[in-house]
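Asks: Just dropping this structure here.
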């Protein structure tokens, strides 16, 4: 790695990061099993992976797993606040180009996204590992602009304006870059709900130029990372940010998908009185039967002490909503992007920074709101994200998906796929021993009776866990 082919906050943090990586490895049995199973064969040899995913200690274990399987890797964080600086330093020290600093500006964020596609030999990336879809969209939007489409004229807000400027800069410096890069990609594996939705929209419009694997909807990702991970990391983030006592407080969770379910349980476990808002009648019924009061934000917002968005949608909490909130309400988001809360509408008010990623915003009438991570992912901005064990399941899916597309990509059409059931079950199986769990074995007669083999898969694809 060239001396300038990385950007981290402080290389002196590398030793600390390495110690935490070694601890995390003991909590990530799926990734360690991948190293043992595939390390000698090097199935990712020749893969040049551009990774855009929160640069945490757990991600460091993922990066080193990909490298141990033969891949070359360049990495940036997919959120301006989610990097753990000691993790980034530890990875940079090993020679992996990483561009990630906790508290990046938006200009830096999109510069770093560009740099993970800039290999020293000038050749393009051939795989993308994405979280939220920004790396994928950067290339696809740039290629459309190079083809003459008018896609860079009307930015929707500050971040798009900065993104468009970065694309124009790269087009001027390296004509044809995006088109060549798009043609070289064999496939993308996408980590999260928001990024998956973007891929399905591209597929629907016929604009997806390579196959994609939807890692998010692997059962061992969405039903574990999204639910159990949020169940632990949401309250961790709120506590580190505010030191508030949640017992007895009224909390509203906007959205009751897998992330919302984990978030509501997290707050309830801390003793909060939880209310849920939901647009989907099925999710709303689930929330009601799980014991939560299902309300509209308009009717309940004035009662809330804590408000958390988890919808994956935009403008969920508007300025009008915020005008109705209590004084000193805690407002945060655990969805991927920062547009669930209309943070831009608050910029003309008085902001007082309490500590990193905690701001006190004063309205003209004197009312104050405590905003966490500027409306971005608070569990990563104000804490350290999900625990290692649950991320092992998610990241094992990522490794298997990268192997699948790299080794068998020609067998896939330009569509969005999920990993087959037997691999989903394999990921779960790899994590049972760590928890002391023992599987019951079906007899051949029992397996035949329910129409499966004794080794599985045990459920049809349409089964809802």
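Every residue gets a Cβ built from N, Cα and C, even glycine.
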Asks: From the candidates 114, 121, 131, 134, give the one listed by Swiss-Prot for the same substrate site as 56, 191, 221, 225.
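Replies: Candidate listed by Swiss-Prot for the same site: 131.
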Asks: Name the one residue among 131, 191, 221 whose Cα is closest in three-dimensional space to that of residue 336 (NAD(+) binding site); these are the binding-site residues.
Replies: 131
Asks: To see if you understand the setup: which same-chain residues, six or more apart in sequence, place their Cβ under 8 Å from that of residue 255 (NAD(+) binding site)?
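Replies: The list for residue 255 (NAD(+) binding site) reads 276, 277, 278, 283, 309, 310, 311, 312, 313, 316, 335, given in order along the sequence.
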Asks: Could you check which of the binding-site residues 192, 194, 257, 259, 334 is the closest Cα neighbour of residue 221 (substrate binding site)?
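Replies: That would be 192, nearest by Cα distance.
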Asks: At the level of the C-alpha atoms, what whole-angstrom distance separates residue 225 (substrate binding site) and residue 259 (NAD(+) binding site)?
Replies: 9
Asks: About how far apart, in whole Å, are the alpha carbons (Cα) of residue 192 (NAD(+) binding site) and residue 131 (substrate binding site)?
Replies: 6
Asks: Out of 194, 257, 259, 334, which of these binding-site residues is nearest residue 56 (substrate binding site) by C-alpha distance?
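Replies: Checked the binding-site residues 194, 257, 259, 334; minimum Cα distance to residue 56 (substrate binding site) goes to 334.
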Asks: Taking 10 A as the limit, how many CB atoms besides its own sit near the CB of residue 191 (substrate binding site)?
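Replies: There are 27 such Cβ atoms around residue 191 (substrate binding site).
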Asks: Within a 10 Å radius of its Cβ, which of these binding-site residues (56, 192, 194) has the fewest neighbouring Cβ atoms?
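Replies: Among the binding-site residues 56, 192, 194, the sparsest Cβ neighbourhood within 10 Å belongs to 194.
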